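Q: Dropping the structure in here first, questions after.
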Amino acid sequence: MRLHGDVSDDEEEGAVMDPALLSSSSPPAGAAAAAASRLVVGYALTKKKVKSFLQPKLLLLARKKGISFIPIDETRPLSEQGPFDIILHKKTSKEWQRFLEDYHEVHPEVTVLDPPNAIEHLNNRQSMLEEVADLNLSSFYEEVCTPRQLVIMKDPSSIPTAVAMAGLTLPLVAKPLVVDGTSKSHELSLAYDEASLPMLDPPLVLQEFVNHGGILFKVYIIGEAIQVVRRFSLPDVNTYDLLNNVGIYRLPRVSCAAASADHADLDPRIAELPPRPLLEKLGRELRGRLGLRLFNIDMIRELGANDRYYIIDINYFPAEGKINVSSRHISARVGQFNIVQVGVSSPLPKVGLAGG
Ligand SMILES: O=P(O)(O)O[C@H]1[C@H](O)[C@@H](OP(=O)(O)O)[C@H](OP(=O)(O)O)[C@@H](OP(=O)(O)O)[C@H]1O
Ligand SMILES: Nc1ncnc2c1ncn2[C@@H]1O[C@H](COP(=O)(O)OP(=O)(O)O)[C@@H](O)[C@H]1O
Ligand SMILES: [Mg+2]
Ligand SMILES: [Mg+2]
């Protein structure tokens with residue numbers, strides 16, 4: 001049963017080493033490897049994700065801990081595969097969601113990472129940020145909010161009036177409303193003037209651009225573990241830019257392409273990481289509210305307001321492989337399982353400051 005609507009594997013480039021080949025020294029024997037394991041993780045991921053996440057070092061380390069990763073065959077019933085202790089997935093189609101929920105009804109003892117109905121919240125740029133508004137951070141000096149934004153479902157000609165009614169301030173970042181793993185869902189634009197707004201293509205979210213010194217914090221939350229890295233972001237927009245630019249500007253894939261800024265020579269007021277206790281509280285709150293254990297938060301600090309942070313994006317099961325340190329350790333604890341301690345060297349591609 002080929003599940004439609006996913007970013008199908010056939011579209012992905014490149015051959016991928018089947019991790020099951022690594023789970024035993026003898027010829028590939030997923031079942032035998034699984035039988036010898038303390039913990040069996042079935043996974044349903046695109047080839048791109050397998051390549052970026054299930055790196056050989058992770059698999060060998062997991063194997064030492066008695067953990068094996070077994071690919072799920074989406075053309076066969078899940079109940080005929082396994083048995084699994086954990087199912088790890090990043091698939092968005094409705095068929096897959098039903099497939100997994102039916103299986104989990106029969107096998108409630110299997111940990112699903114993460115429940116599809118929880119992941120669904122992050123597939124929409126409005127619902128993904130709704131929980132942020134209700135965060136209880138009263139015991140913190142810092143403020144964490146989201147930029148003011150407006151959802152436009154259709155009728156581009158209505159955008160200028162809607163923006164004026166909402167009192168949004170230009171420039172505005174236009175983002176596709178739906179996030180579905182395709183590159184189209186990452187096609188962002190920057191709108192400088194009201195007259196250009198009808199050129200946008202709904203459904204979209206229009207979000208006020210917040211100057212933040214060109215540095216973004218990517219906060220990875222994996223179970224109770226938290227890892228934060230700096231990335232180059234879009235440059236600030238000043239009054240001169242606003243007065244001398246009109247139109248809609250397509251933005252590059254900043255968060256994917258951005259190189260690490262962890263070792264860049266930056267103004268400490270811009271580069272200083274958010275306070276650890278704040279990130280830990282954010283992690284706890286959002287894990288509980290979103291019902292997720294594998295996600296990351298894109299966070300910026302308002303330029304000149306050292307204690308005001310904005311969460312602008314939340315991603316499910318993002319590319320941990322881009323966490324930049326010469327080697328990184330993430331300990332992921334899920335429920336009663338301690339999945340893996342990951343030590344992987346992951347040099348980052350060097351790119352210039354994005355955004356031009
Ligand atoms: O949204 P931003 O902040 O850009 O972060 C993206 C999203 O998490 C992507 O997932 P999605 O497309 O589902 O939102 C993810 O693609 P994968 O999950 O396919 O890896 C990218 O990984 P890389 O493309 O490997 O960088 C990661 O950089
Ligand atoms: N409201 C905003 N203010 C300032 N910069 C923003 C804003 N929204 C997005 N950006 C910049 O654009 C990048 C991509 O936006 P994001 O919402 O993370 O989309 P994606 O899901 O494609 O990563 C961010 O990493 C940040 O650099
Ligand atoms: Mg992002
Ligand atoms: Mg995103």
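Note: Cβ is positioned from N, Cα and C throughout, glycine not excepted.
Unlike curated records, TrEMBL annotations are generated automatically.
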Q: According to TrEMBL, LYS49, HIS186, LYS218, ASN315 bind 1D-myo-inositol 1,3,4-trisphosphate; which of LYS90, LYS154, LYS281 is also listed for that site?
A: LYS90
Q: Which residue among the binding-site residues ASP298, ASP313 has the fewest other Cβ atoms within 10 Å of its Cβ, if you could check?
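A: Lowest Cβ count within 10 Å among the binding-site residues (ASP298, ASP313) is ASP298.
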Q: In whole Å, how far does the CA atom of GLN207 (ATP binding site) lie from that of ASP313 (Mg(2+) 1 binding site)?
A: 11
Q: Which one is closest to GLY213 (ATP binding site) in space, judged by CA to CA distance, out of the binding-site residues ASP298, ASP313, ASN315?
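A: For GLY213 (ATP binding site), the closest Cα among ASP298, ASP313, ASN315 is found at ASP298.
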Q: Which numbers of helix, strand and coil residues does DSSP report for the domain 'Inositol-tetrakisphosphate 1-kinase N-terminal' (40-119)?
A: 36 helix, 17 strand, 27 coil
